[in-house]
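Asker: Below is the structure I would like to discuss, written out as structure tokens.
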Amino acid sequence: EEETSVLAMGLLRWLLVAGHLLLALAATETAATTAAPHTGTDSHGVDTSHDSHAVHSHPHVALLFPFVSMLLGIMLTHLGSRWSFLASIPYTVSLLIVGVFLGLFHVETSGGLGTLSESMTLWMAIDPHLLLFGFLPVLLFGDAMSIVWHDFQRTAAQCAILAGPGVLIGTALMFVVAKFIFPYGWTAYECAAFGSVLAATDPVAVVGLLKEMGASRVLTMQIAGESLLNDGVAIVVWLVFYDFMKGEEAGAGIILVRFLQLAAGGILFGAVCGLIGARWMSLASDRLVHTDSLVQVALTITIAYISFFVGENELKVSGVLATIFAALMISKYATPLVVHKDGLGAVWHAMEYFGNTVLFTLCGVFSYESCKKVEWADFGWLIMLYLLATMARGLMIGMLWPLVNFAGGSDVTRTTWKECLVMTWGGLRGAVGLALALSMRNLLIQQGKEYTANLMVFFVSGFATLTLLVNATTCSALLQALELTKPPEAQIVILSTLRKLLVSISKKAFTDSLAQDGRFKAVQAAELDSLLEHLESEHHDGKHRDHHEEDSLSNMAAINLEGANEDQEAIDQLQVALEEEELKQEPAAETGTTPQAAEGEEKAKSKEHWWWGFEEVQPAQIQKGGPSSVFEKRFGFAVRGTHQERVVYRKLYLSMLRAEYIRLMDCGMLPIRAEGAELLLGSVDAADDFAALGLSDWKILQPQLLKRRGSILVKVREMLSPYFAFAPVTVSGGLSFDLFTVVAFIDAHHTVCHRLMKSDGLSGDAREDVINEACAELESAHTMLKDNHIGAPQISKVRTMQLATMLFEVQKDQVMRWQQQGVISDKETEELLHNVKHGLDHSEETLKKKVLNKIAKARETMMGKRLLVDTE
């Protein structure tokens with residue numbers, strides 16, 4: 001609950017920032033349209049006389065484009081998690097392609113996308129400084145705050161060399177290309193500013209890519225640290241030459257002072273902001289105070305924007321470096337002080353996701369628009385620029401390679417030629433360079449150089465597009481070809497051992513459930529055995545397994561599963577015991593159930609325990625003989641205790657019932673996408689409104705359960721509903737219901753009744769009355785099952801599905817426990833969870849088909865027997 005509130009607070013803060021950004025954007029566009037209302041041109045000299053909608057666009061229209069971008073981005077993220085082909089394409093590359101298509105439709109239809117075109121026009125007229133001030137702080141701060149200070153500290157000198165002299169060398173090389181190879185005759189200052197823009201790599205695109213591919217911590221930190229720092233240095237260099245482009249003259253001494261002011265001043269101011277923020281977070285680090293988590297999240301967001309704005313706008317230092325070093329100070333000093341780390345991480349992840357999605361979609365739109373304003377020959381020069389810039393980066397890294405290794409000072413931080421190749425190929429470009437190019441575009445248009453302005457945007461956006469489309473998509477293959485993501489041999493054996501132990505844990509959980517929980521006595525053991533065989537095949541087919549593993553597994557000590565000091569001998573003993581237990585559990589004849597299951601079914605039939613698997617609820621008998629009341633006539637028993645006590649106990653019972661439903665969903669006993677997940681919680685809420693009259697959740701639930709399958713309205717609702725029936729059962733009258741819902745209803749009521757009866761702190765006549773009311777609700781549910789010939793044989797099939805899901809929940813919890821204990825890394829966690837999810841999807845699909853078929857056959861058999869009895 002607290003993490004959810006933290007997330008909501010963070011998103012609210014981001015929406016407020018976005019709102020201010022959009023208002024400023026609208027104000028900029030309004031000023032542009034009123035400046036030239038009769039000439040048909042905007043402030044950039046672009047003809048807009050054909051587009052009357054752009055002139056009369058309302059400010060709120062600007063809201064549409066970012067949220068359409070988000071909608072498309074969410075679709076890409078969702079589909080990417082299901083389709084392996086789409087998952088192989090980096091998210092930023094997908095966004096860029098989407099942006100190009102949006103730009104194509106917008107430009108080729110002359111604004112024919114309606115309101116969306118109006119919104120895109122407003123965003124394409126945005127002031128570049130507003131773009132930087134609005135989005136850069138949140139993107140830079142989030143990435144820098146996730147950096148481990150130790151990793152940054154041991155590679156800081158290397159990152160500084162690549163981001164300092166490296167940017168200067170890169171700028172000089174690209175200056176040569178723009179001045180002496182390009183045929184456009186740009187001035188020296190324009191070429192130098194253009195070169196500094198191309199020297200800045202994009203940390204947003206690089207960091208996420210390396211983490212996804214599982215590169216080493218040192219390589220990731222070198223590339224990420226260089227990208228974060230060279231943004232600040234490149235912008236400092238760009239500002240110097242940008243001032244020269246505006247006509248300001250200065251000597252070498254003034255240039256050096258200006259450079260030091262921007263770089264050193266930004267670092268110093270950012271460090272001060274970060275230290276103040278860390279100190280404030282220490283004052284708001286009480287985990288027992290609910291608002292402290294909100295204060296911490298809001299404080300980090302505020303520091304990100306304050307450090308950037310005050311540094312860039314008021315102190316005239318580098319806002320990028322100020323934001324980065326403020327985040328690094330937070331990472332160093334405030335990490336142990338964070339009240340809810342998951343909540344803070346979720347907020348920043350959501351904000352970065354929003355910023356990335358809007359910026360890279362906008363970058364794609366600009367890329368297509370810039371292509372329409374240049375000659376065909378310029379595309380050839382773009383390809384030449386891509387090749388020369390890649391070679392220039394490789395030359396820069398090669399020149400600094402000895403110095404980088406010397407600054408590393410140890411074998412741990414030593415850079416090999418393979419890593420230099422990855423650093424060359426991984427120098428992606430993104431939104432930072434585009435924003436700087438847009439600033440130059442505005443200045444050049446004011447100076448009457450419209451074609452040069454369009455060329456600047458075309459080359460920068462086109463170069464960024466090529467690096468994302470080519471470098472980003474092939475960087476993973478490059479890392480694998482160079483064997484930079486291959487884990488050590490010992491790590492492979494450990495991961496394979498953990499897979500094997502997951503199977504052992506599943507088997508142990510299986511036997512424990514059969515022994516301890518009466519609900520699983522009639523589970524179809526043969527089906528679950530086949531499921532475990534599937535798990536073992538997943539283990540043997542793991543992508544990290546090789547021909548040496550089989551020998552290594554027998555000699556390797558098992559890692560502690562529960563925090564105890566178990567060794568390989570203990571694990572072997574456990575596996576032997578499990579195998580012996582499996583041999584004892586031979587399936588019964590014809591039914592395919594275990595002897596214990598058959599005995600449980602026979603017992604259920606003899607006593608007609610349709611609730612099957614529970615100890616019967618037997619509350620204290622109520623004294624009879626008194627005057628009858630409305631409650632006695634309605635429920636069949638007299639009531640005692642005051643009315644107020646009964647209402648309180650009913651509300652308590654319903655509250656416990658809600659908690660039990662949620663627990664069933666958490667442990668897999670009730671699928672979260674089953675109809676019952678919605679209906680059961682809704683019945684509790686509705687029953688709470690009538691607590692003064694008695695428990696009525698079954699009376700509310702039953703009519704919602706039954707659905708007429710042939711109804712068109714029901715089919716349309718099922719298509720639109722996020723919930724569906726996992727075990728649908730057809731009954732008389734063409735109606736059907738989900739058996740999962742009824743089973744969960746019975747389970748939860750039995751559990752809560754026993755829990756309420758055994759509670760020493762709760763007593764009184766009113767409690768017994770409420771338990772009797774609950775028994776009446778239970779009996780109504782049992783009656784519906786008996787009337788529709790649904791008994792223990794059918795319920796056992798549902799139990800099979802429940803136990804299968806629970807086994808995978810046990811696996812998932814164990815994997816997360818290993819991650820919390822530091823046994824496995826984030827990358828290995830994702831890999832193991834992927835195996836678990838694949839097995840869960842396979843088992844759900846397989847068992848669902850079997851369960852539905854067997855439920856139908858069992859019901860036909862029971863109907864035939866009932867018809868035979870009636871005939872006799």
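Positions of Cβ are set from backbone N, Cα and C atoms, glycine also.
Quick caveat, the model's predicted, so the values are computed rather than measured.
Annotations for this protein, taken from TrEMBL, read as follows:
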- 84-479: domain 'Cation/H+ exchanger transmembrane' (DOMAIN)
- 582-602: region 'Disordered' (REGION)
- 1-26: signal peptide (SIGNAL)
- 59-76: transmembrane segment (TRANSMEM)
- 83-107: transmembrane segment (TRANSMEM)
- 130-149: transmembrane segment (TRANSMEM)
- 161-182: transmembrane segment (TRANSMEM)
- 227-244: transmembrane segment (TRANSMEM)
- 256-281: transmembrane segment (TRANSMEM)
- 293-310: transmembrane segment (TRANSMEM)
- 317-334: transmembrane segment (TRANSMEM)
- 346-367: transmembrane segment (TRANSMEM)
- 379-401: transmembrane segment (TRANSMEM)
- 421-439: transmembrane segment (TRANSMEM)
- 451-470: transmembrane segment (TRANSMEM)
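Could you place these features in context, so I can see how deep they sit and what lies close by?
Answerer: Tertiary neighbourhood of the transmembrane segment (161-182): same-chain residues 188, 190-192, 194-196, 198-200, 222, 225-226, 228-230, 232-234, 237, 381, 384-385, 388-389, 392-393, 395-397, 399-400, 403-404, 407, 423, selected by CB-CB distance under 8 Å and a gap of 6+ residues from either end.
Residues 140, 143-144, 147, 159-160, 162-164, 166-168, 171, 189, 192-193, 196-197, 199-203, 206-207, 250, 255, 258-259, 262-263, 266, 318, 320-321, 324, 432, 436, 439-440, 443 of the same chain lie 6 or more positions beyond the ends of the transmembrane segment (227-244) yet place their CB under 8 Å from a CB of it.
Tertiary neighbourhood of the transmembrane segment (346-367): same-chain residues 3, 6-7, 9-11, 14, 18, 65-66, 69-70, 72-73, 91-92, 95-103, 106, 120, 123-124, 131, 135, 138-139, 141-143, 145-146, 204, 297, 300-301, 430-431, 434, 438, 457, 461-462, 464-465, selected by CB-CB distance under 8 Å and a gap of 6+ residues from either end.
Cβ atoms under 8 Å from those of the transmembrane segment (379-401) belong to residues 161-162, 165-166, 169-170, 173-174, 177, 181-183, 198, 371, 415, 420-421, 423-425, 427, 458-459, 462-463, 466-467, 470 of the same chain, restricted to positions at least 6 beyond its ends.
For the transmembrane segment (421-439), the residues of the chain that approach it from at least six positions outside its boundaries are 92, 128-129, 131-132, 135-136, 139, 162, 196-198, 200-202, 204-206, 209-210, 215, 219, 222-223, 226, 231, 234-235, 238, 242, 359-360, 362-363, 366, 390, 393-394, 397, 415, 456-457, 459-461, 463-464, 467-468, 471-472, 474-475, 478-479, 482, 484, judged by C-beta separation under 8 angstroms.
A Cβ distance under 8 Å defines the sequence-distant neighbours of the transmembrane segment (451-470), meaning residues of its chain 6+ beyond its ends; these are 90, 92-93, 96-97, 100, 184, 186, 190, 194, 197-198, 202, 205, 363-364, 366-367, 370-371, 373-374, 378, 381-382, 385-386, 389, 427-430, 433-434, 436-438, 440-445.
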Asker: Give the nonlocal contacts of the transmembrane segment (83-107) in its own chain as ranges (CB under 8 Å, at least six residues past its ends).
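Answerer: Here the qualifying positions are 69, 72-73, 76-77, 113, 116-117, 120, 204-205, 208-209, 212, 356-357, 360-369, 372, 430, 465, 468-469, 472-473, 476.
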